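Enquirer: Following this message is one structure expressed as structure tokens.
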Amino acid sequence: MAQWFPEDASCGPVNPMTGLMKQFTQDSSSQHDKFSTERYGEGSSRGAFRTQTNINRQEDEYAQKFFQYPGQESSHPPNLYNLDEMSKELEAIRHDIPRNGDWAVEFLKQPKIIPNHVHPEFEEFNMIYKNAQNQNNWVSQFQQQRQAGNIEIHPEEITAFEQAFEDAKKSASWESEFKAQEQSWANEFKQQEEAADAKTELASVASKLVASVEGETNPKFKSSSFFQFMKKLSKQELSIEGNKIVENAPISNENWASEFSQQQNNNNWASEFTNKQTNSWTREFNENTRFSGTTKNGESDWATEFQKTDNQINDTSSTRTASDNWVKDFSLEKSVDQTMEDLKKDWENYQATSSGYSYNYNDYEFSQNNPFLNMPNLSSMKGQNLAESILILEAKVQLDPNDSYAWYQLGTRQQENEQEPKAIAALRKAATLNPQILDSWLSLAVSYTNEYRRDDVYDVLESWFEHNSKYKKLLEQQRAKANFVDPHKFFTDLFIQAALLNPGENLDPDVQIGLGILYNVSEEYNKAIDCFQSALSLRPNDYLLWNKLGATMANAREPEKAANAYFNALEINPSYVRARYNLAISFINMKEYRDAVEHLLAALALQAGETDGITNNSLNVENSSFQNITEKGMSSNIWDTLKMCCGFLDRPDLESKCDERDLNSFKQEFEFI
Amino acid sequence: MSVKVDGYKSSSIFEQLKVNISDNEAKKKETIKKVNAIFEFNVKNNEGKEQIWTMDLKKGGTVQTGKGSAKPDIIINLTDDTFVELASGKLNGQKAFMAGKLKIKGNMMLATKLDGVLATIPKAKL
């Protein structure tokens, strides 16, 4: 339509109708309309149709003219708005329209056939999507703008721009330098802050202690040097830095101060101090009470004991040293820190349970009515399947809660059984009872990785090093030279150093496993795959390791390769529930939902302890009652995944069976035992 | 509280999403950090009925039926079948949008995160 205007303008005051008529007859698309109406419509409609189109165009044109040449309305000829003729025509149209059904339909269709029309929303979305994917956001935006052609860029401008771009790149490197600088500042600041925190923590511990003995009315106790010392600590008049006690403010009690300096000059104390640094306060305290107890004829009450010791401080030098030791040992920063850390961890665990979201990893929840509890020959029993062996191990640790190795076995079996919280609880027990079972630390690291508890992963890996005679030295070296701001870097470096001790064919698979776990935490799956593969080269029959490899591959989005690794694991141990569950997940990722359902059902059947429907011979109980016990061993996460699969298969009937935990109703349709 | 509504296949997926999110505190924190948005889904089933589910991945980390207490950052209109296809990975968010299978109101950037949000398939375990 726009091309009409120049012509119209040159035509000047002539009635634009005539110009339009000319244009109109040249418009082939409109002629198409005309022909079709002529063919289908009545003869009398022809005139009406054409006029109508003219009116529409004319109106459009006027509107456009109005918008394009504002203020020129006055130049229009007077007869422009003479619409008499038009209204007459309109009258005619009104009569004709109903009879022109065909034309009307065709006309209505017309706007839909606009060629090359793209919804603006699509373009916008496309652009956003591309931008989100494109890391060089700025570059693409720049390109788009150039393509849009809104800006004309002259060659000199381009060179100037490129120059500016180069400069910007240089400044970018400067920026990163600045960032690094900032990071180190931040670290420094953080360390200082941590030191300050340690002081306040110490003070709060001391103040708690002061508060707890506030009720003590004995004036001697209150004036005792220990009490004074604690009070000072709590008021932060004193603080402990490294091995020295530092005064923060002028000391009011001169007596105490002189006593204190005497103590510091005591060489005995210094050596004793270093000896006892690693001992915990409580043990030290107990020893001390015993010691003073012997001097005072075995009195046991703490308060009186303390009082007695206090009495003797000024008298006998031997008792005095004992009491002094006690004071100092208590004030050891390390032991206090340790106590605070333990308290903090307990607190965190408590919070997790009270909110009801996370599991309480501290208490192992035993199966009810475990028939193996009454078995006389328990120690020799192995169990025919995973469910049974778990019950046997549970019975073992219930009868002997200090059997650390049984706890460890129970933990790893619960990992196999896809019961992470129980596995963690059991492994924690094993590790506390006997920290020398190194594998329990590694297994814990695995469980914590699965549960997204990064900090705990680092903690247990540290413990693994701490109790590992081969690598303990490395940990100490690493502690001395590296700071702990980035725990991931700290431990990957540490593991790599450990791996370098035994290069080539002598590599330690455990080190590779630890490194693999760390790379899983940081989602560097390809590195993790390398680690697990090299560990497998030495332990080709470790089904747990095959599963670790598979899971890593799955998380690296390679479900086909992952499935192969799982099949290897299942070939070695067909009742490996976790590998089956993982295999099902891989099938879901490959969109093979039916296979996935079958493997999930197989996993559940294994957890329930079903073996070909034959009664368990190692037990003289009926199968049904045995299943009542083990059915509770089925993981809810497997049921949830199964339910989701049924949803993908569009089977709401099976979904409700999942809610009911009804494994039997799946037997008719699926083969899984 | 269940987020199940009869007559919707998406219903069980929302149920699973709810489990996935609220099951593990550490994972929840990570997801909220990554997504940081409230999604409102307006799902139309085969009978032409509409049902709203809200996923709060900004503060609470919750899944609920109906509108949430806070204003959503993005409202997504789609059919029950499309939702299942998205969640099962048969369809990705961008394709669905291009095919006109979902309509979006609000911050369109967030639609690019949709695939991650609806990834109901659990992670393989070591």
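Note that Cβ sites are derived from N, Cα and C of the backbone, with glycine treated the same way.
Please treat TrEMBL annotations as automatic predictions, because they have not gone through curation.
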Enquirer: Have a look at A:1-47, A:48-94, A:142-188 and point to the one annotated region 'Disordered' in TrEMBL.
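Expert: Region 'Disordered', as annotated by TrEMBL, spans A:1-47.
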Enquirer: Considering every residue in the repeat 'TPR' (A:404-437), what is the mean pLDDT value?
Expert: 92
Enquirer: The repeat 'TPR' (A:404-437): which same-chain residues, six or more beyond its ends, come within Cβ distance under 8 Å?
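Expert: Sequence-remote neighbours of the repeat 'TPR' (A:404-437) are 359-365, 386-387, 389-390, 393-394, 396-397, 443-444, 446-448, 450-451, 460, 463, 466-467, 544, 573, 576-578, 581, 603, 607, 633, 635, 637-638.
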Enquirer: What is the number of residues in the repeat 'TPR' (A:509-542) that are helix, strand and coil, as DSSP sees it?
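Expert: Tallied per class, the repeat 'TPR' (A:509-542) gives 27 helix, 0 strand, 7 coil.
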